[in-house]
Structure formats: C-alpha cells, structure tokens
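J.: One structure, as structure tokens, below. Some questions next.
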Amino acid sequence: MLEGDEKQSRALDFNRLEVLSLLGRGAKGVVFLVRDDDAKLLALKVILKEAIEKKKKGRESEDDEYKRVSFEQGVLSRFDHPLFPSLHGVLATDKVIGYAIDYCPGQNLNSLRKMQSESMFSDEIIRFYAAELVLALDYLHNQGIVYRDLKPDNVMIQENGHLMLIDFDLSTNLAPRTPQPSPSLSKPSPTMKRKKRLFRFTSFCNSGISPQESISVHSSSTLAVSDSSGEKSNSFVGTEEYVAPEVISGDGHDFAVDWWSLGVVLYEMLYGATPFRGSNRKETFYRILSKPPNLTGETTSLRDLIRRLLEKDPSRRINVEEIKGHDFFRGVDWEKVILVSRPPYIPAPDDGGDKGTDVNTKMDVENIVQEIFAARQEREKQSGDNNKNANMKIKDNTSGEWVKGLNNNHDLESDNNFLVF
C-alpha cells in the first residue's frame, strides 16, 4: 500500500503520558496535548468505543467503523514523509481507543487565512502552500491512497513552517495511479533543511488545526473500471463544500476528486470563501454540479489553474503532471520544495508550558471523552443538526514571524478556532 512495511506501533501507557490540555474535539474523537516520557509533545486522538458502537444503529456497522479507525492507524504507521504525521503509539482501554501523532503548535491553513486583514493570501503565499499540497497528494496517489477530505482545516502548519496533512479516516485504497516511484521524500535532516530556498520569501512560518465536519454517508463498494487508476470508489464521503461533482452524482470516483478539492482550497485562499457554498447542503450540491466558479478579477495563471482544477468532468480535469507544468508553478523546483528553509510563516516555539489543566489521568481522559460525547448526542437530539462545529476553543497561537507582505492583523473574535479530527 504505502512505501515500506507497516511499523509495529508501540503501546501507549497513560501512566507515562503527561496530559497538558484539551486541544479540541470532532465527530468521532477528542484530541489532547500530551508529553511523553521523552519530553516530546504529541497530539493524542482519543475515540470513545461507545461512539463507534452506536454507529451500527446508523449508516455504518460497528465493524466498518473499527475498520476505518484501523485503516487510519495503518496508514499513519507507514508514513515516512515530511508532509505527513508519524504515528508515535496507540492505546486501548475498556472505554476508549486512541493514537498519538506529531503535534503542530500553530494554526491550520484556515485559521492562518482568517488572520489576514481580508482573509485572503497573496498569490506568492498560495504558490508555496499549493506546491506542498500537490506534492502531498501526489505521494498519496502513487501509493494508491485517495485522500477524499482535503480542506484547510485538515492542513496543519508545522513548527518549521511546512504543511502537514492530517485526518485519514475518510481515505481509501485504490490501485496506484501509476507505477512510477515517488522521488525520495523521507524526512530531511536538519542540515538539509537549512540549505535550500526556493521561493522569494524573507521570513519564517506557522502551524495549526481546525473544524468543519465531514459527510460520512458511506456506501463503501469499489467498482473496477478501465481507467488510469484501475478502479473507482462509490462511497459518498467528504466535506460538503469541498466534495467533487462525481461523488455527489454517484458515478464512482478516483484520485481526481482530490484535485477538485485542491481547486476549492486554492479558490478559498484567493477569495476568502469557497466557490459553491449555498444556504443549505442541497443548494451547495446543486451549485457544485451545475454552476461554474466565479473567478472574478484579472486573468492570471492562478485563476486559470483553479478553473482547470474545478472542471466538473473528472476525465477532463487537470492531472498532476499538467499541474506541475502549469504556468502558476513556473520556476518551481519540485525536488527542493520541502527543503525550503524559510516558508511564509513560522509559529512561536511551544514547549507545552504550564497549561493549568486538571486532566492528568486515564480516568480524567475517559470521563472527558464520555462527557463530550454525551453532550454531543444531547445537542443532536434537540437540534437534529449533525453538522454543527464543535464549541471547543483552542489557544491563540498567532505569535510568530511573518514574511513581508503576509499580514498578521486579525480580529480577536476569529480566535474561536476549532480542532476536528
């Protein structure tokens, strides 16, 4: 599936973890900031077993839910790439299951965008982040993984300023797009990181995580077809504003859905809003299926790239080779992107500090996860709305060094950021 064998994941012991704070919550899990016995900060995702078991009364069976959790852990255990997290261990108790990955101390791409005075990035900043997203998706596709949930909330910014994709519970296996090997992309050494500079940036970058829930109406069958990927999935998954037309229409989908989602992400980075959002899900899906994106402004290579990514016919949508050769990326050395030493923004150092939390035992963690799950169930029962963002604040990490031209002005109210795995 992925390069290399699946690594044997070490078992995590609550007694050897220092729980520092509650980072946030999502539809399936609660995330804690922890410090292990090597003093390394980790993001610990904890899932209530009861939440998984309740799924068998809904759209998925209990076995399917456990398979998705197992799939995500398996994928994480195989990653050896600078744009993806490493799996640092797994845990299981009578009440919860969970795993720990790299902690990104800053904001996610969505939070970083909202920190701009007009909630938009410059073309130059977009170029850097877009190049890393292209590399990340290309890596997944060459390993036979369709991501299926690309959105700014799932794009973290690491402490070194480079991106990190998270949240693979909606991903799936297909036959690899092509048999061609990926370039060597194991995590670079610190000395390599210092050497190269690709873009005309003069300062450093930041890291993060955030919200928006994902549609998980699963019909997880796989249909063999004679195209470049070898097969298609008929599952209906994704986040509604980023989901591709072929997912909505149910015609089967492959790796091209990720390039559509990249187009939505780039549009949002440029304009400050997604291109097809309606007043409700039905209207949003109608616009995705029938309306062209409104690419206002002068004709630029970025707008042309977005237009080609948001081609509704997946067979005509721009592919990875065409993306890398597009005018928007003219002059980009794809072998050196991940070696750039000074990305647009780097967060202030975070050693975990004194978070002032009373969450420090296995019982505390289990109780908090149970309480959050119970409160969520009650809200859903009262409102009937399964798509509300979680109401958990995360700490303000807006300090850091910004490249010239990347505005750090932001509204204090925008600090109500959310973390969803």
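Heads up, the Cβ atoms here are built off N, Cα and C, so glycines get one too.
Not my notes, these are from Swiss-Prot:
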{"type": "ACT_SITE", "residues": "Asp149", "note": "active site, proton acceptor"}
{"type": "BINDING", "residues": "Leu23, Gly24, Arg25, Gly26, Ala27, Lys28, Gly29, Val30, Val31, Lys45", "note": "ATP binding site"}
{"type": "DOMAIN", "residues": "17-329", "note": "domain 'Protein kinase'"}
{"type": "DOMAIN", "residues": "330-421", "note": "domain 'AGC-kinase C-terminal'"}
{"type": "MOD_RES", "residues": "Ser235", "note": "phosphoserine"}
{"type": "REGION", "residues": "167-246", "note": "region 'Activation loop'"}
{"type": "MOTIF", "residues": "418-421", "note": "motif 'PIF'"}
J.: Average the per-residue pLDDT over the domain 'Protein kinase' (17-329) and send me the rounded value.
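T.: The average pLDDT of the model in the domain 'Protein kinase' (17-329) works out to 81.
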J.: Leu23, Arg25: which of these binding-site residues has the highest Cβ count within 10 Å of its own Cβ?
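T.: Highest number of other Cβ atoms within 10 Å: Arg25.
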J.: Round to a whole number and give the Cα-to-Cα distance in Å for the pair Arg25 (ATP binding site) and Asp149 (active site, proton acceptor).
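T.: Computed Cα spacing between Arg25 (ATP binding site) and Asp149 (active site, proton acceptor) is 17 Å.
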J.: Within 10 Å of the Cβ of Gly29 (ATP binding site), how many other Cβ atoms can you find? Include all protein chains, please.
T.: 27
